[in-house]
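S.K.: Following this message is one structure expressed as structure tokens.
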Amino acid sequence: MPVKIPDNLPAAEILESENIFVMSETRAANQDIRPMKVLILNLMPNKIETETQLLRLLGNTPLQVDVDLLRIHDKVSKHTSIDHMNNFYRDFEAVRHKNYDGLIITGAPLGQIEFEEVTYWDHIREIIDWSQHHVTSVLFLCWAAHAALYHLYGLQRKLLSAKRSGVFNHQRTHKHFPLLRGFDDEFFAPHSRFAEMEVADLKAHKELQVLAESDEAGAYLVLSRNNRNLFVMGHPEYQKSTLKDEYQRDLAEGLNPRVPKNYFRGDDPSQAPVARWHGHGSLLVSNWLNYYVYQLTPYDLHDMSAITPWEHEYKDAEDND
């Protein structure tokens with residue numbers, strides 16, 4: 001099924017050229033279908049690139065998705081025109097009174113800044129708190145996952161000595177969760193961050209479950225016990241060239257970055273990158289949208305008390321094979 005996006009959104013042309021099913025608001029208005037309403041809080045500098053990456057994943061799911069784009073403030077962006085922001089993005093005050101089936105909060109290039117020193121930290125906290133009462137399921141990506149784990153559960157992240165960049169192998173630590181249906185025992189996912197959450201701290205917290213982790217990159221998929229919050233420590237949405245673009249940007253800025261691991265063919269930055277995570281990324285978002293949004297959300301979004309939780313067996317079933 002398609003993802004419904006605003007008429008004339010630039011991402012539409014790119015996605016249609018990739019054979020991703022998108023639908024304009026005008027066409028969708030003529031269909032009598034209850035779409036999943038998903039809000040995206042886009043904190044990345046290049047808004048259009050991130051929109052396209054996320055819409056690409058949402059457009060590959062079997063559900064019709066109605067997307068609203070949210071901005072954290074109305075300040076001028078260095079990488080995105082003010083016209084684009086005003087035309088396609090909403091301020092929080094415009095959606096505060098609404099309920100949504102799903103919310104995606106993206107990463108942000110703030111990995112070395114203390115949370116309380118982020119200029120819009122109070123806004124982030126407010127939106128996270130709001131989401132716990134107005135959204136069926138929230139998907140936090142990378143920096144947003146760290147920020148939410150800190151705000152909701154008081155967990156501290158650990159700064160790394162160097163940026164962790166690359167494509168890393170991960171293992172499932174459970175098998176009986178709907179989120180992991182169709183997953184291989186091992187799979188790849190990109191990471192690009194300056195901090196990590198300690199796996200031991202996450203596993204010790206009674207309200208959290210670590211579903212996948214990496215020997216090199218640490219925890220990757222963490223789910224709250226109430227199945228309402230999914231924390232993804234990497235970037236399953238990244239396109240093939242994203243890590244290369246970040247690496248070349250850091251080189252140009254004189255930051256002496258490490259070559260992203262397991263990314264360029266032969267780990268040689270003069271060679272083309274190898275994308276080996278797109279299948280996993282699509283399956284992850286599809287499973288989240290189906291099992292943790294569509295299957296749990298009330299038909300009438302005005303009544304969030306009607307959210308249907310998963311049975312207990314899905315919460316604690318260990319992979320004992």
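The backbone N, Cα and C atoms fix where each Cβ goes, glycine too.
Annotated site 'Important for acyl-CoA specificity' per Swiss-Prot: Gly111, in sequence order, evidence recorded as sequence analysis. Annotation source Swiss-Prot lists active site, acyl-thioester intermediate at Cys142, citing sequence analysis. Annotation source Swiss-Prot lists substrate binding site at Lys163, Ser192, Arg249. Residues annotated as site 'Important for substrate specificity' in Swiss-Prot, with sequence analysis given as evidence: Ser192. If you look up Swiss-Prot, you'll see His235 marked as active site, proton acceptor, on the strength of sequence analysis. For Glu237, the entry in Swiss-Prot reads active site.
Help me understand the surroundings of these features in the structure.
M.R.: Look at Gly111 (site 'Important for acyl-CoA specificity'): DSSP puts it in coil.
Secondary structure from DSSP puts Cys142 (active site, acyl-thioester intermediate) in coil.
Here Arg249 (substrate binding site) comes close to no residue that lies at least six apart in sequence on the same chain with a C-beta under 8 angstroms from its C-beta.
The DSSP secondary structure for Ser192 (substrate binding site) is strand. Over all protein chains present, the Cβ of Ser192 (substrate binding site) has 21 other Cβ atoms lying within 10 Å.
A simple way to gauge crowding: the CB of His235 (active site, proton acceptor) has 24 other CB atoms within 10 angstroms, across all the protein chains here.
Close to Glu237 (active site) in the fold, though at least 6 residues off in sequence, lie Thr50, Gln53, Leu54, Arg56, Leu57, Leu141, Gly281, Val285, each with a CB less than 8 Å from its CB. Under the DSSP three-state reduction, Glu237 (active site) is assigned to coil, being neither helix nor strand.
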S.K.: To see if you understand the setup: which same-chain residues, six or more apart in sequence, place their Cβ under 8 Å from that of Lys163 (substrate binding site)?
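M.R.: Correct list: Gly111, Ser192, Arg193, Phe194, Asp250, Pro257, Arg258.
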S.K.: Give the sequence-ordered set of same-chain residues, not counting Lys163, Ser192, Arg249, with Cβ within 8 Å of the centre of the Cβ atoms defining the substrate site.
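M.R.: Going along the sequence, the neighbours come out as Ser165, Leu243, Glu246, Tyr247, Asp250, Pro257, Pro260.
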S.K.: For the substrate binding residues given in the record (Lys163, Ser192, Arg249), what is the largest pairwise C-alpha separation in angstrom?
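M.R.: The substrate-binding residues span at most 14 Å between Cα atoms.
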S.K.: Take the Cβ of Gly111 (site 'Important for acyl-CoA specificity') and count every other Cβ within 10 Å, whichever protein chain it belongs to.
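M.R.: Within a 10 Å radius of the Cβ of Gly111 (site 'Important for acyl-CoA specificity') lie 19 other Cβ atoms.
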